[in-house]
Amino acid sequence: MFRTLLKSKIHRAVVTHCELHYEGSCGIDEDLLDAANLCENEQIHVWNINNGERFVTYVIKAPRGSGIISLNGSAARRASAGDLVIIAAFAQVHEEQVPTHQPKLVFMDEANRIKELRSEPQNPPQTSPLR
C-alpha cells in the first residue's frame, strides 16, 4: 500500500506579483525549488495565509536568487502581492518507507530568503495561545 505524505513545503513565502493574463502556474525562485526538492511542472498546493484560499497549480522556474513567488493565470485571483502563502507538494510513499520519510521544509523570511531548513516538523504547542 502507498500513502500520500508531505514531500515539500515552502512556509510563509511572500507573493511578489500576480499575472492574470498568463498561463496558469506558480513561478518560484529556482534556489527555493532546489531547497524544497520541487521541479518544474510539479503539482503544488498553495494555501494563502491572508485570506484562507487554497488551490492547486504547478511549478514554473523563476530566476535563481530573485526571490520571486508569482501567481499566474486564474491563481492570480486567489492572492495579492504581499500575501503570505504556504506551498506544498505531496508524494506517494510505500508503506514500508513511511517511518523514515522526511519532507523538505523551507522556512522563509520577509524577503523570500531561506531562514531555516528542516526535514521534520516541530512538535505543536501543548497549549493554545488563546487560553
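For all residues, glycine too, the Cβ spot is worked out from N, Cα and C.
Now, the feature entries from Swiss-Prot:
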| type | residues | note |
| --- | --- | --- |
| ACT_SITE | SER25 | active site, schiff-base intermediate with substrate |
| ACT_SITE | TYR58 | active site, proton donor |
| BINDING | THR57, GLY73, SER74, ALA75 | substrate binding site |
| MOD_RES | SER25 | pyruvic acid (Ser) |
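Within the set of recorded positions (SER25, THR57, SER74), the lowest number of other Cβ atoms found within 10 Å of a Cβ is recorded at SER74. Excluding THR57, GLY73, SER74, ALA75 themselves, the residues of that chain whose CB lies within 8 A of the CB mean position for the substrate site are, in sequence, GLY24, SER25, CYS26, PHE55, LEU71, ASN72, ALA76, ARG77, ARG78. Mapped onto three states, the DSSP output places GLY73 (substrate binding site) in helix.
When the Cα of TYR58 (active site, proton donor) is compared against those of the recorded positions SER25, GLY73, SER74, the shortest separation belongs to SER25. All protein chains considered, the CB of ALA75 (substrate binding site) has 24 other CB atoms within 10 Å. Across the residues annotated as binding substrate (THR57, GLY73, SER74, ALA75), the two Cα atoms farthest apart lie 10 Å from each other. Annotated pair the residue listed as 'active site, schiff-base intermediate with substrate' and THR57 (substrate binding site), C-alpha to C-alpha distance, rounded: 6 Å.
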